[in-house]
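Visitor: Below: one structure in structure tokens.
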Amino acid sequence: MGECLGPGRGELWQRAGVPGLPERSALLLSPCLLPALQLLLWHSALWTVQEATPLGPARSLPQSFLLKCLEQVRKIQADGAELQERLCATHKLCHPEELVLLGHSLGIPQAPLSSCSSQSLQLTSCLDQLHGGLFLYQGLLQALAGISPELAPTLDTLQLDVTDFATNIWLQMEDLGVAPAVQPTQGTMPTFTSAFQRRAGGVLVASQLQRFLGLAYRGLRYLAEP
């Protein structure tokens, strides 16, 4: 401590390298200044990392928003299950795994949701993928229009609930300031040329939507935990 109090403040700054002193005098910093300088550099580096890090789970979402999302997921899951059950009971299409090859030939896309995994959750990417997936399923459900008169009400309800959920996500993205400047546009949707293709497509779309919602529910529940 005596070494720290020895030189005056002016002398310490002179030793740090005032013009006119030899260059090697800049190396003669007081030992008292080194810990403070190291701490300053550490804080500077930490601030830079924090500034560059995208929104993560630490950035909290309103609890009311998360609870509404979880409720919407459960509602859509119930709608999708009803569609699957009616396709099974009425048209004997009960096993989506038997229709996978047909789904590939029809070009039915799937929506990723890897950014909502609790192990690698990034809030901005999760919301973006969630909205993008719901927007995709809006288009797929629209492509199923005319599936059959008895299934039309169930399909319409499912489509409406998916649209409401997508809108809810988009509005929250706008509140956070992370929504794209322009809303996405729908890509090319599969074309169903027969009643069987449309009903088989309904089974596949409903099954894929259920898996997507299962991942979404786990990610949203993780965010909702205190």
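The first residue you see is number 1, and the count goes up from there.
Note that Cβ sites are derived from N, Cα and C of the backbone, with glycine treated the same way.
Whatever TrEMBL says is automated annotation, not expert-curated.
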Visitor: Where TrEMBL annotates a disulfide for Cys88, which of Cys69, Cys94 is the other cysteine?
Guide: Cys94
Visitor: What is the number of other Cβ atoms found within 10 Å of the Cβ of Cys116 (disulfide bond)?
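Guide: Neighbour count, Cβ to Cβ under the 10 Å cut-off: 25.
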Visitor: Does anything in the same chain, at least 6 positions from Cys94 (disulfide bond), have a Cβ under 8 Å from its Cβ, and if so what?
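Guide: Within the chain, Cys94 (disulfide bond) has Cβ neighbours under 8 Å at Leu87, Cys88.
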Visitor: Rank the disulfide-bonded residues Cys88, Cys126 by the number of other Cβ atoms within 10 Å of each Cβ, and give the residue at the low end.
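Guide: Selected from the disulfide-bonded residues Cys88, Cys126 on minimum Cβ neighbours within 10 Å: Cys88.
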